[in-house]
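Take a look at the structure set out below.
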């Protein structure tokens, strides 16, 4: 597999490295101007949410060494100054959350990167969701986006429902775990005042572009979806509530059967299915993009249903970043 560089060693950057280790992918370089190599070792080894790293990690001669493999460490603020070529990094994961446009992310190419994958939604880069629209990828694309964790949960389920029952319109709510952008106690937050309220104390209504982004990866649904979020005081794992009006009438059992068929077939490993009496912590470190749970959903009639799907918004997403790179490499 092509060699990977990671820019930004935050929540997603570190978990992309864990996912790469699990999947046998080769990470050869990490850049973060705010964390030295010894602190990288500490942050990678210990994780309050996903637990201690099960392999070995150390700092040796300025390198980050994971399971015996040396990883070059850079500390550049400007992506244009990162010498990815010197470390052999070809595919760069842009996980700072800062350089999310094609223009900004393209600066990695100056340092020798061949392709850039933005681990966030992008205003102008082509967006891809594994299991949904990878066939739209073209080798001439230099910068792409892996969309958001919520879009990765929503899109595979929406694809199955639309392919089989025709979606007329959708309202989505994601009940979303806290993220690093939130405040531990009340503080200022620019234009969106309540986003600055204490994350541990509140259920906070928030905006999300995840539903509209589905229209970019499934063009047939463009303009048919929108949604919002509730940020809740849990550290990880979120859940999508999809309220759908169908074009073709179907019983709830028929919908369940089609989702299970997809989960066991073409979307295996991306879309999961469970009949268990689950709660959010049961999905910690789950590698699926989306796990459909029929017991939590309801049907009003054969054309109006509420569908529920869980996702580890950190680790499931990080696994898809590696899967996207693997797919790109197979086509480049």
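Glycine is treated like the rest: Cβ placed from N, Cα and C.
Of the residues proposed, 107, 179, 274, the one Swiss-Prot records at the same D-glyceraldehyde 3-phosphate site as 148, 149, 150, 208, 209, 231 is 179.
Among the binding-site residues 11, 12, 32, 77, 313, the residue whose Cα lies closest in space to that of residue 150 (D-glyceraldehyde 3-phosphate binding site) is 313.
Nearest neighbour of residue 32 (NAD(+) binding site) by Cα distance, taken over the recorded positions 149, 209, 231: 149. DSSP assigns residue 149 (active site, nucleophile) to a helical segment in the three-state reduction. The residues near the D-glyceraldehyde 3-phosphate site, meaning same-chain residues not in 148, 149, 150, 179, 208, 209, 231 whose C-beta sits within 8 angstroms of the mean position of the site's C-beta atoms, are 174, 176, 210, 229, 238, 313, in sequence order. Of all the binding-site residues given, namely 11, 77, the one with the smallest number of surrounding CB atoms inside 10 A is 77.
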